């Protein structure tokens, strides 16, 4: 498993011109399940690291103490494990790194790149309102920002300060985004960010910077809702004398209606797709194709994803979630899976339905059913025909199909079947013989056979169904008519 020490090993940053080993990270907040957008971001970071023989780091950003839960952490770990994205290092927990953040904050205060601000929230709100009234961008006005020759206000005796980062005023902060291309922010538009609260706890943007610095992160792939955070984080990294990572911001995933993907579009929790019977191989394939492409290839293995992955082929526009396309991809992986392996994945789902997969030839059943299935849940439900308790046909269905003519043909079939070898070819030949001798067409015997033996009018090929049920079971059910 991954390295789990809470303080990563020191990382020796190289010069900007030197080649650094690739180190990516996924840094979720454990305030709920891992959603599809987060899973896709993690997948891109994982694939990029694997492609470059680099290191994929998992960091748990758990500083929101009220909302972060151990259950949410476990849900994230379970989701990543299910998708096959095991980290090389971590998980690291921000709450266990508070001493390190305090150390860096103290150093910044000493260096003059951060300062104490004693403004109350109400005073800052008033500053912003005053700026709006003048048609300016609402922001903190720098009251407590140290400047040469500036006299600061008296320190209030009854107020604990926040710590603000002394953001550059002149110039611009720019980077060449791996997804969006060149992006630039005027430093004059960025106010002095709060990096520690009055109780001393560090804020999100500060923790992220220190973590990326300490962990030697070279490439940051994340959602484009973080674009506005990036210039602030870059400026803090520069103030610390750190080598900057490269940044890439991936557009969001939209629902089928073009709106932001949400619960109203269906499942957004990764593990719900496991419960619904989607294969992790299919989810990885489909998620990767949402916002990344390799020519016209729609289907590819995890190994091919790693081999082909390139940030130059990440889309600049939002991707649209398509449940039908996911079903198509999942069906492809189900059809291509070895019958025995597929049986192993379906067996627990059959058992949850009260079936007995061990009492049937489940691999052979998978071979019969898998070409029609889109999910493992559908396979498990269909397999209950062979593994579940037999339910005779409802009276209405029996009355419709088990006529006197049908019952006579079924009795003839049963009598001949006793001395017939029990395999699909022999059963098919027997059905044809009964049809020919009685002048019947296939539906006149095939449907009554299904209804009598399975309790259903629709099943896969009747000869295959009878073979898998076994001669003894088939004859016993026909005898009971």
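Note that Cβ sites are derived from N, Cα and C of the backbone, with glycine treated the same way.
Per Swiss-Prot, the listed range annotated as motif ''KMSKS' region' is 260-264 (candidates: 260-264, 265-269, 270-274, 275-279). In Swiss-Prot, the motif ''HIGH' region' annotation falls on 28-38 of the listed ranges 28-38, 39-49, 50-60. Swiss-Prot assigns the feature region 'Disordered' to residues 139-159, out of the candidate ranges 118-138, 139-159, 160-180.
Cβ atoms under 8 Å from those of the motif ''HIGH' region' (28-38) belong to residues 60-62, 64, 67-70, 72-73, 75-76, 79-80, 223, 252-253, 261, 268-271, 287, 321 of the same chain, restricted to positions at least 6 beyond its ends.
Mean pLDDT for the motif ''KMSKS' region' (260-264) in this predicted model: 78. Across the motif ''KMSKS' region' (260-264), the DSSP tally of helix, strand and coil residues reads 2 helix, 1 strand, 2 coil.
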